[in-house]
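Shown next, in structure tokens, is the structure this report addresses.
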Amino acid sequence: QDTTVIGVSIPAATHGWAGGMNFHAQEAVDRLEETYPELDFVLATASDPAKQVNDIEDMVAARGIDALVVLPFESEPLTGPVKNVADNGAWVTVVDRGLSEEGIEDLYVAGDNPGFGRVSGEYFADKMPDGGKIVVLRGIPTTIDNERVEGFQSAIDGSGIEVLGMEHGNWNRDDSFTVMQDFLSKYPEIDAVWASDDDMAVGALAAIEQAGREDVQFVLGGAGMKEMIKRVMDGDEMIPADVTYPPSMIATAIELTALNFVSNAPVSGEFVIGSVLITPENAENFYYPDSPF
Amino acid sequence: MTVPATATVASPEPHSAPAALALRAVYKSFGPVQILFDIDFDLRPGEVHALIGENGAGKSTTMKILAGYLSATSGSVELDGHPVSFVNSEQAEDQGVVMIHQEFNLAEQLSVEQNIFLGREIRKGLFLDKTAMRTKTRELLQRLNCDVDPDARVMDISVPDKQMVEIAKALSRKARVLIMDEPTAVLTNRESEVLFEQVDRLRAEGTAILFTSHKLDEVARIADRITIMRDGHRIMTKSAADLTQDQMAEAMVGRELSNLFPPKTGADADQPVLEVTDLEVPGFVAHASFHLRKGEILGFAGLIGSGRTELMEGVVGLRSHRGNIKINGQDIEINGLSDAKRAGVAYLTEDRKSRGLLLDKGMRENLTLLSLEKFTTGLIDRKSEEAALDKSINDFDIRAPTREVLVGNLSGGNQQKLLIAKTMLSEPEVVIIDEPTRGIDIGTKQQIYEFIHTLAQAGKSIIVISSEMSEVIGLADRVVVMRSGRIVGEVEGNDVNEETIVRLAMGLEGEQQGHE
Amino acid sequence: MSDTVSVKPASNRASPFLDLHILGPILALIVLVVIGALMNPNFLSYANITNVLARSAFIGIIAVGMTFVITAGGLDLSVGSMAAFIAGLMILVMNALLPAMGSGVGVILVGMLTALVAGLLAGGLNGFLITHMRIEAFIVTLGSMGIYRSLVTWLADGGTLSLDFGLREIYGPVYYGGLFGISWPIIIFALVAIIGEVVMRHTAFGRHCAAIGSNEKVARYSAVHVGRVRMATYVLLGILVGVATIMYVPRLGSASSATGVLWELEAIAAVIIGGTVLKGGFGRVWGTVIGVLILSLIGNILNLTDMVSPYLNGAIQGVIIVLAVVLQRDKKAEG
Amino acid sequence: MSDTVSVKPASNRASPFLDLHILGPILALIVLVVIGALMNPNFLSYANITNVLARSAFIGIIAVGMTFVITAGGLDLSVGSMAAFIAGLMILVMNALLPAMGSGVGVILVGMLTALVAGLLAGGLNGFLITHMRIEAFIVTLGSMGIYRSLVTWLADGGTLSLDFGLREIYGPVYYGGLFGISWPIIIFALVAIIGEVVMRHTAFGRHCAAIGSNEKVARYSAVHVGRVRMATYVLLGILVGVATIMYVPRLGSASSATGVLWELEAIAAVIIGGTVLKGGFGRVWGTVIGVLILSLIGNILNLTDMVSPYLNGAIQGVIIVLAVVLQRDKKAEG
Ligand SMILES: Nc1ncnc2c1ncn2[C@@H]1O[C@H](COP(=O)(O)OP(=O)(O)OP(=O)(O)O)[C@@H](O)[C@H]1O
Ligand SMILES: Nc1ncnc2c1ncn2[C@@H]1O[C@H](COP(=O)(O)OP(=O)(O)OP(=O)(O)O)[C@@H](O)[C@H]1O
Ligand SMILES: [Mg+2]
Ligand SMILES: [Mg+2]
């Protein structure tokens, strides 16, 4: 029996979530290669969209992939190259970020970025019925970040919540620590922080703790980092909740793709992994102490 | 119309021939320091004019103003009787005024041919005509009896060759006025003679030539008129025929000069301080053996390229070498200059610009760099550094416009004095001096000879390498002669004379050492 | 007569060091090609070779310009973000003209012109600040690196600027098409490299760059227009960034703040791997081309084989870069 | 003797150019402080000043080391990833020792020692390749930059390495605590800066660095151990990276591949803004300190005020960096 080659192309681990995603991809690949000797995986990580296109070209030209699992760095630039792969007859699985042209992929495993923002925003509106002053830490300037923030803003619309300031913390602990320190200097009263990411929440919490500010009631991160979920579970007042955006969706996508080649199960279609609010009540279901993220 | 080389222009007064290039009431200052005072000067077509004076008198500065490299603070430059203000040297060059600088003005990483035609490349359409340039380069160099490869990088050629390249570069620019700042400082008599033949030719073609030199015999040999400067003032301009070398020296220095060389006293004892046996510096020197006695001045003579510099750089560990070196009878390993320093051996390089001094630093930093440990007890003692600088300025008569001047802005001769001071500060037992008086005025030369003599009398041992035959003969108790990387002979006592040495150096006599 | 002297005073120096210095990068390239071919039979396939060459074109074209800048003793850290900014600008201009001019070659041509003019201006600005305001090139271009990167983020509102799909169809062949089976980026890269090599070696401009980098004062004293030549190197580099962008936009059809990240380091690395001296005074364009190919090949080979862990790619890349230069390291001339 | 010897006994040398060259960075810093104070009353608050100074400490400590490297004519692009790697290593070591040694000061001390030793070795490796293998510093450190970055990603399995919570409690005060209301990072930074300044200006080592950067050959002919001194600059920088890491880890208790990204550029920029010459030969540590403060302040001020768009932060940063250097640009000496 011929081996089937599956290419996996993902962005490099430049921030926490991507790091988790890298881990899950690697782990899925190792596991599947062991289980199915007839499957051969090629895993490449890219530091920018152009490099990702290179990777995909190489997979086609030199590795003759039968399927591609891709988490596009950005939708626009990857659309053409992925389309070429599909046109060559290979199976295409797109993860998280949809391509800008419909119908290219055979399988779409997606996170829901506007939904992520919306769930977060609704939580704020819920938690602060009388309104309040909040600051927002944004991620690396990208479409993803824009979608999340838009979702968030429309959800808090009319709730009386005032956004004092937004700055980019770049999904980075150090950057968000710095930005939060400066927010705390700038605004004498902050009721809550939407850190929009668990890594950024770590930085923001450290800054708040250092400043000893009692006015900040809570910080909402996102993505479901295990330390954060643990704190939610433990009823930490500063971290009353979290919003999922599981990096393990890449593993799901890889497994489904593999399944397509080793079984007869129909796997094409669209799998949207919605963002869920994690609260102390349900936190246990999301806690994986062995995961690195 | 040609002017015969020997017949000098009758009257030094300005109205005889129109000046090609002239200065009128020129003053120049750098910042608060006044360098030139009221200089009036003219240079006529078809004459060779020598500008002489002590180190720091302002010769180079005068020349740079003439050639458009510097602008005068006040006063004017006149070309063919009309005031001009060259904004830069390029404009001056367009008018046929070309200058060869005292310091090398060559881009080290470029080839000889690229340097000669830099900024004046010959083109064929859009592209360079390399064949033409190479041919012309070869021609120019041939005229100067110089056989460097036009494609050699300047960084790989020897100092005298660089000077020849500079001269070739100037010749290639079709000068009406050629200004040369100490062109012969790094040349031997033979090479200088080649240059003077070219000068004679240019003079015959009507070119106006201005040059400086501290070798007064050359001045007497080639100049038609002589201008003497002292401390930024023009002292006199006279026809060369009216001045003897002694008069020149006196007018420059402002006092009478006694005998140039102090009397020889010979070595203290037979006891050798430094013994070198069978030293090899790969690629340059083979089978060199010599010894140096306590209190002795040992001369090293030879033609340029005979390997004297390389031999000594090998001895002090600046070049890798094989062979045996003994100091005071003890074998020692010298793998770097610091080993030599520890053993009390100091070496003064012949190449002050690129190996001797940090041109973008001040005098103090340069002076103490070699012997910094003397000034350091944990931290550097700035006060004693300053004191050392005071002493050196005094001892070596270093003339600087200000104490903080960057060494690159010192006059060439004063740089050389600073370099000597730096080497001496390490208080060596054995001093190897390579071309000690390059670019040094005659008055100071005498001081330096005196200084070397005093050192020897104080029991230090000294090696002097010099391409000035008179220097070796005048100073040394004993002379070792090298040729093509080998020691070919040694003369002592009455044999220390020009003829014997030249015969050895040129391979007309003597056998090779270490040739079994 | 004693003519048994074994010591040759320099002159005819076909020193083996010089040869290694020249052969170094070529050797490294050959070694890489051999490794690649051994590791994967498809490595030498037409498709793979074409891919590698075509994608080298962006950095390659920029690196040729960088060779001149570095040879003249300068540096430009802004090229990556400049490329991103120009790409964004180009896309905006083309999209804006679409309604008026219709989807056609005309819009593309205007877009290309925009890229060239923007490159010229951006390079000119760098050059102006460096030559006329006399600010350290490192600082000027570090500053403009931040500025262009910000501007493109701002133009794209934090997201991605995308070229209209219709235009992409028309423009696409500029990256994907070609002549006689050779794709356009390869052709343009080759042209730029050849012209660059000729300019460096056979024109006064090339010599003047080396002279300025070697010793600015000497150049000035030799009637070289130092300011003008140095300015020209930055303008040239800017224009070449424009050319690279013209090739880049049809490939991905978009620009964002992630476009061209670290291109500057890659371009400078290629230049130095190729044997050009970082402090200026000596440059060779063909070396740069080889440097670019070495860098692309490393990435390609890592993709072609199953290395230990993709996390370690960067480490392997680093080791190979250093090794490639070891081959041609400067045996310090003594003395 | 003609007694016109013009050497004046020291002192009155108030050339205005020199002064501006010296005052430049200070002036820029003052202008920034004034702007900051005008824009936000909290700018001069104790908390804000402390924040800015403490967060400057990492880059600052590294930049002091970088000043020596650059003064001696070198360069080090690897410091950012070196810091990330050392931080990761430190965390791994401390976590690993925890079961054996128990949660206590002992583990922290071993961690600190690890950081210093790792810094020393990493700097030594760079130095060895540069001085003994004679590879261009740019290439060596570009290579090691990739290597360390990869290694930390690999150590962290792509994610984040986190220090045990118990240890974090004990270690935390090293960043958050202090003496007499001055936090430790500020104290250490000040110490490193003062010692650095003294070493640069008042010791043979500082002199030798400048001499080597100014003209390596002259240094060699002046019995300076060129290789040894150059090596020492890289080792020193490595150790200082270790020190910076010791301060960094207690802040957030974690390290990942995102740690220390672009620190190298920031450190080099600080050095040059401070007036050290990129090509070597002249360096001043106090200038570097001011450069670091300028860079931190720009970020701080941008965060404290409501600028047009956060997307444009980078642009404003770029403009200010260039302006800060305009103030001290080199008025070319005549002749
Ligand atoms: N750029 C400068 N800045 C400050 N002082 C300078 C500068 N250039 C020259 N000087 C000073 O001007 C004086 C005259 O120097 P100049 O080079 O003209 O002397 P010189 O007669 O050529 O001496 P030498 O025989 O030693 O070459 C010296 O004291 C020198 O230090
Ligand atoms: N860096 C170098 N690269 C190649 N050749 C060199 C280098 N330095 C010197 N040479 C050559 O070595 C030979 C000897 O050098 P040099 O001229 O210094 O000898 P020397 O006997 O000391 O003469 P002098 O002291 O009179 O100049 C020359 O032929 C010179 O061209
Ligand atoms: Mg002079
Ligand atoms: Mg010599």
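In case you wondered, yes, glycine gets a Cβ from its N, Cα and C as well.
A quick note: this is a predicted structure, and the numbers were derived from the prediction, not measured.
Positions annotated as transmembrane segment by TrEMBL: C:20-40 (among others). Residues 273-275, 287, 290-291, 293-294, 297-298, 300-301, 304-305, 320, 323-325, 327-330 of the same chain sit 6 or more residues outside the transmembrane segment (C:20-40) yet have a Cβ under 8 Å from a Cβ within it.
Same-chain residues lying 6+ beyond the ends of the transmembrane segment (C:52-70) with a Cβ under 8 Å from its Cβ atoms: 76, 79, 83, 175, 183, 185-186, 188-189, 192-193, 196, 199-200, 206, 209, 213, 233-234, 236-241, 243-244, 247-248, 263, 266-268, 270-272, 274, 276-278, 280, 283-285, 288-289, 291-293, 295-297, 300. Feature annotation from TrEMBL assigns transmembrane segment to C:52-70 (among others).
Through the fold, the transmembrane segment (C:77-98) approaches residues 58, 62, 65-66, 107-108, 110-112, 114-115, 118-119, 122-123, 126, 138, 141-142, 144-149, 151-152, 155-156, 161-164, 166-167, 237-238, 241-242, 244-246, 248-249, 254-265, 267 of its own chain, all at least 6 residues removed from its boundaries and within a Cβ separation under 8 Å. Residues or ranges marked as transmembrane segment in TrEMBL: C:77-98 (among others).
Tertiary proximity for the transmembrane segment (C:104-125) is limited to same-chain residues at least six positions away from its ends with a CB under 8 Å from its CB atoms, namely 78, 82, 85-87, 89-91, 93-94, 97-98, 144, 148, 167, 170-171, 174, 231, 234-243, 245-246, 249. The transmembrane segment annotation in TrEMBL covers C:104-125 (among others).
Summarising the annotation, TrEMBL assigns transmembrane segment to C:137-156 (among others).
For C:176-199 (among others), the entry in TrEMBL reads transmembrane segment.
Under the heading transmembrane segment, TrEMBL lists C:231-249 (among others).
Positions annotated as transmembrane segment by TrEMBL: C:261-278 (among others). Panel annotation: around the transmembrane segment (C:261-278), residues 21-22, 24-25, 28, 58-60, 62-63, 66-67, 70-71, 75-80, 83-84, 141, 145, 213, 284-292, 294-295, 321, 324-325, 328 of the same chain, lying at least six beyond its termini, place a Cβ under 8 Å from a Cβ of the stretch.
Annotation source TrEMBL lists transmembrane segment at C:285-302 (among others). Non-local neighbours of the transmembrane segment (C:285-302) in the same chain are 25-26, 28-29, 32-33, 35-36, 39, 43, 48, 51-53, 55-56, 59-60, 63-64, 66-67, 193, 196-197, 199-201, 266, 269-276, 313, 316-317, 320-321, 324; each lies 6+ residues outside the stretch with a CB under 8 Å from one of its CB atoms.
Below 8 angstroms of C-beta separation, residues 20, 24-25, 27-28, 32, 269, 272-273, 294-295, 298-299, 302 of the same chain, each at least six residues beyond the ends of the transmembrane segment (C:308-327), sit close to that stretch. Under the heading transmembrane segment, TrEMBL lists C:308-327 (among others).
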For the transmembrane segment (C:176-199), sequence-distant contacts whose Cβ falls under 8 Å of one of its Cβ atoms, 6 or more beyond its ends: 46, 50, 53-58, 60-61, 64-65, 67-68, 205-206, 240, 243, 247, 250-251, 284-286, 288-289
